[in-house]
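Please read the structure below before turning to the comments.
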Amino acid sequence: MAKRKDASPNGIPQKRSRKSNLLNGEGDEESMQYLLTETSQNSHLSSGEVGIIESISLKNFMCHSLLGPFQFGPNVNFIVGNNGSGKSAVLTALIVGLGGKAVATNRGSSLKGFVKEGQSSAEVSITLRNRGPDAFKPVVYGDSIIIDQKISSDGVRSYKMKSKSGHVVSLKKEELISVMDHFNIQVDNPVSILTQEMSKHFLHSKGEGDKYKFFMKATQLEQMKEDYAYIIKTKTDTQHKLDKQDEIFEDLKRQYNEKEDRYKSLSSLDEMKNKLEELKHQMAWAMVFEIEKQIQPLKDRIQTEEGNTVKYDMKVTEWKDKVAEEEKTYKEICNQLENITAKVHVLQPQGTKLKEDENTKRKAYKAAETNLFRSKHNLKLLDRDREQLEKHTQELRHSISQISEADRTEKLRKIEKLGESLAALKDKDATLNQQNDLYQQAIYKYKEEHTKIRHEQEELCRTTDDKLRQLNSLKSSRTDRIKRFGEKMPAFLAAINEAHRKGHFVKKPIGPIGSCIRVKDPDLSLAVECCLKSYMLAFCCDNYKDEKVLQSLMSKFYPQGRRPLILVSEFGNQLYNTSIRAVNHPQFPSVLQVLEINDPVVANCLIDVRGIETVLLIKDSTVARDVMQAKNPPKNCREAFTRDGDQVFTNRYYSAEQTRAQYLSGDVEAEIRHLENEVENWKAKLRKYQERLHSVDEDIKQNEKLLSKTRESSRHNKENIRRLELEIADLQVAEEPQSTDIFALEEEYQDICKKIETSKQDTEKNKLIMEKCLEELKEAEHKYREHKDQINTITDEAEPLKEDLSKSDHEVEKSKHHRKHYEDKRKVHLDVIRRLKEDLANRENELKESVAQAQQIHAGRLEVRRSAKSLDTEISRLREKINTEQQHQGNREEIIRQYHEVVEKYKHISMQMKNLKKFMVLLGKIMSDRHKAYVKLRTYLSLRCKYYFDCLLLQRGYSGKMTFDHKTEALSIAVQPGDGDKAALNDMRSLSGGERSFSTVCFVLSLWGIAESPFRCLDEFDVYMDMVNRRISMDMMLKIADSQRYRQFIFLTPQSMSSLPVSNLIRILRMRDPDRGQTTLPYQRRNQEEEE
């Protein structure tokens, strides 16, 4: 901070001669003497040496493209001009250029607002004087310091600190702050720079608190008050840290006590050394005893393990035989399946032929049956004709003598007419016979179709019922997934849990297996289900006792039909190591790899019984055939399954019976929707079959009605034919009742009898043919049924064989697993025996060495009852104690040195803590004293301000009073124009505008007298003054400026200042009226001599 230039330490005014060579102002010379005396000792200086502004220039700043450079005088400077000419821009640039914030200018809240619109940046350059003994880094900067500041349109500013020669010294803001501190320049102090807004806020404000703040800010008492508050806060924080140091000091005190104890604990070691030697002797022979104790158990264990070797050999042999037996069984089952497949392939063409033969025989039987029916019908008709002919002959003989000639002519006409009717009836009879045949064939065809549809309908009903049960199980599994495994499964699991709770099981059974697994790839769910089949519902038991308990429970819930399988295998917590025997294909996973199984018991069980580690899952059936049935199938792979559930072996292929996964499907809702659609489709098919069946029934009924109607029509038609024939015969007989006619009738009778005999023979023949066809049909049906039953029997035989093949395959893998298990155990067992023998040999050698070492330590064998570990612990403890004591005694100087160091440190820190506490007490007292001094200083400055204010008011003949209330932080000013002795004092609000402005100037000048700054700036101080007040105020400021030539004064005013006296200390900068096209605002100096 720069030193004060005035040297009036006690503030007592002294008489001095008034300078009149600068100004000829009027006023009370006696009063002004008091004010001017303050700076009398520095008035001999012609100008200030440090901190005053030499020049300033602006570019693209606010609304001005270019202002300056302005050359300021060292003492009084007036910047005059109309509004908008750039006066306030110069003052704003001065605040911003010296590091002030945008808010301090009262012209904007952000720096980017100072950049001229349309420009990318603004520049401000200020030159400060740097001379004399108080210069800042005179060697670096010289006589002037140039401060260049650039403000971007984004509000970012940068600094360049240059020397007088233009050399850049620094780009940091810290350097500018150092310069400001050194010159005591405070751009935010209203004493240094008083803007219009600041003046309105503080000086022209009606609030007494605002004036008090203005006083505190101008005298820097506000800063001092904040510093005191900061010191008090720091003192409080230091006290807290001091309290924490007390805790740390306690730890140091504890160390001090420990060192002191060690210092006092030095003692003798002879007794402990003798004790140590005795313990070493005992330790040597204790080692011998312990080794001897370890040898005998080793021998016993070796003997036991060698005896167990036979058991392992027997187990390995047993499982080798078991593997051979199971492989033989597996091969036999494979051969049986191949034979069955071959038989089915052979029988299938024969079955087709038998079916065709049956259909042929059935047709022949139907034809024979029709012929027999016709023969019987014709025989019946011939019998009836014979009876009628006999009757007619008798009647003819009776009436032969009664016919006249006239009747004969009438009868001939009737015979002709009846003949025509008879021909029509015979044609109709032929047509009716054809219709009868057609209706009979249609009825036979419809009955066959009816039987076929009824069988299909029954099969469809069973399928629909199965689908409905599956659908109900799936819907129930929404809330309970276990219901997917059967309606009885939840209750069965509850019974298992209850039995386990009661302790009926050694280990709780696990199942169903399907609920314990999850498929990683949902696309392979059907393949996994087809692979596991009945194992999806199986349960795992740890032992056969648990199996019996589970069987008894299962019989209650599954009394009839198929039950879930029970797999007995000892539970284990470790998953089998299948790395050697498992299939490992680079493209296709095994069933084990595609399943997520949390319980190793379930995984091990499926490995044992199904060999899931050797089953590949290949989605595409064609690829599966290529992989499995190639020359080199994958290693360790016995079979594979496709995504459709088809089973692929190396030499055969079986298609799956189910089409969708029932237990492992991930999306239950999708399965429910699919099953619902299937059920609806099956129901729709069932309805179609019912409709078709009803339609066939209707067709049969309709054809039977038509057949019955046709037969009835044929019967009536034949009766009409016989009637007409009889009538014609009667007329003919009546026409020629000669004996020849009777003879003809008799011949006809004989002919009919022959026809009857022929017809009987044909009937018997047709009957024999029909019976033969019936026997042939029954024989064909029997053969076809037997052939079909044979194929079904063979196919049924294949199903258990497939299951047996799968089980046999699992048994083979299980036997191999057990064989390898026992081979590995035998190998481990033999390795254990080998290591035990090696350990025994090492122990015996170690015993020999230990005995030799013990004899060297102590020749005679000692009987030791303590263990070597106990002796070793005591020896270590005693040795450690001896070493500790030896260290204490052998390094006595070190112990003493450490003790003294701790004592010294303890005393030092104790003293520090004590001194710090004293300092805190002293600091509190100092702060109390400083606060008192602060109060005195505040009082002193208040008195000085009052004094200066009264003196300045007397220049105009005013009287006034300035009242400070430091408790409420208020400052009230009362001024009365005229004779102060007679008029009463009034508040400044009752004054006119000019009088109030003059009083405000007096207040500012009184603050000038008690505050320090290298330059002072006032913006439009006389705007509300009349000519008289303006002249008096101006005289007062010029007198003060004349008395303080080491300070610089800058006044901004819209007045012309033409009434000012001519002096080389006054410089007037006239601003040109604003012009939109201007780039530089020229100015003209008042004093031409100054320009020279």
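Any Cβ shown, glycine's included, is placed from N, Cα and C.
Unlike curated records, TrEMBL annotations are generated automatically.
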Listed range which TrEMBL flags as coiled coil, given the options 36-63, 288-315, 316-343, 960-987: 316-343
Among ranges 151-207, 379-435, whichever one TrEMBL labels coiled coil: 379-435
Positions whose Cβ lies under 8 angstroms from the region 'Disordered' (795-822), at least six residues beyond its ends: 312, 315-316, 319-320, 322-323, 326-327, 329-330, 333-334, 336-337, 340-341, 344, 533-534, 576, 581, 607-611, 614, 638-639, 654
Helix, strand and coil residues within the region 'Disordered' (795-822) as assigned by DSSP: 28 helix, 0 strand, 0 coil
